[in-house]
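Residues or ranges marked as transmembrane segment in TrEMBL: 28-49, 69-90, 102-123, 200-229, 241-263, 275-293. According to TrEMBL, the domain 'G-protein coupled receptors family 1 profile' annotation covers 44-293.
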Amino acid sequence: SSFQEMTNVTSVLEFKLLGFSSNSCCQILLFTVFLFFYTLTILGNIIIISVVTLEPQLHSPMYRFLKNLSFLEICYTTTVVPKMLANLLAKRKSISFSGCMAQLYYFVSLGATECYLLAAMAYDRFLAVCQPLHYAVVMTPESCSRLAVGCWVTGVCTGFLPCLMISRLNFCNYNLIDHFFCDISPLLKLSCSDTSVTEAVIFILSLLVLSSCFLFTLLSYIFIIFSILKIPSASGKRSTFSTCSSHLMVVTMYYGAMISMYVRPVYNLSSELNKAVSVLYTVATPLLNPLIYSMRNKAFKKALGKILLRH
């Protein structure tokens with residue numbers, strides 16, 4: 001029985017990713033659009049990391065977290081997009097079983113890390129706005145680094161269980177994944193095992209990670225908004241809210257897409273809708289994050305201008 005299980009699991013040595021349209025003209029158009037977005041994402045996030053590193057005025061905790069987020073976005077989009085681009089031009093749109101599991105692991109781990117980092121950034125803004133006198137004491141460079149490292153380590157650990165459970169499922173001989181990368185939902189649909197336990201565990205884990213981080217972030221912003229409303233001057237309200245609004249926009253976009261995808265006990269979203277929502281958080285969000293943070297941030301734009309003048 002155990003030998004039969006092993007042969008079943010290893011009988012699928014690779015998966016075929018169906019991706020988007022089978023029309024070659026449509027694939028070339030998608031390749032061009034996604035390559036353009038991917039290049040902008042990498043450049044935009046590298047610019048943020050470089051400016052924050054080179055400009056001493058931006059060595060505050062808020063920008064340290066932003067540097068971590070930018071590095072994360074580069075890793076996150078690189079987990080999915082290069083393989084997607086290669087498959088848009090390839091005749092055999094395949095990925096090995098081990099490659100698929102690795103992609104799934106990095107995708108889940110980095111997605112969880114982003115949730116923890118966004119929560120840490122919300123906590124940083126909460127301290128800065130609601131407890132300004134304690135901010136310098138609580139959010140020291142050491143505690144900021146510990147918090148960032150904690151987000152990465154917890155994220156890396158979060159990815160293990162879902163990937164281990166999915167890798168142990170039987171996939172028999174049917175290997176067509178109706179998606180452009182190895183995501184949880186299409187892999188569960190593809191398995192010929194009973195996936196009810198795996199689905200339940202992933203649902204509970206997704207609910208715990210996404211909901212706890214989202215609620216923590218939401219509570220932080222409720223306190224921040226109440227503190228801003230107490231500021232007597234209109235200009236004071238505006239300048240305080242402008243430091244938080246960028247982060248709030250990113251949080252809304254990211255959690256909106258993620259919760260709609262993963263906090264569901266049954267993975268029954270249509271494959272086309274699944275792909276559309278997935279494009280939102282694998283391609284659009286990593287591109288929009290640097291744009292939102294840099295374009296809406298006066299200190300960042302000033303620092304970028306200084307560096308450009310220097311060089």
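Cβ coordinates come from backbone N, Cα and C, glycine included.
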Apart from its near flanks, which chain residues at least 6 from the ends of the transmembrane segment (241-263) lie with a Cβ under 8 angstroms of it?
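Contacts of the transmembrane segment (241-263) (Cβ under 8 Å, skipping residues fewer than 6 from its ends): 62, 111, 114-115, 118, 121-122, 125, 128-129, 184-185, 202-203, 206-207, 210-211, 214, 217, 221, 224, 228, 269, 274, 277-278, 280-281, 284-285, 288-289, 292-293, 296-298.
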At a threshold of under 8 Å on Cβ distances, which of 28-49, 102-123, 275-293 pairs most often with the transmembrane segment (69-90)?
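Comparing 28-49, 102-123, 275-293 against the transmembrane segment (69-90), the winner is 28-49.
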Going through 102-123, 200-229, 275-293 one by one, which has the most CB pairs that fall under 8 Å from the transmembrane segment (28-49)?
275-293
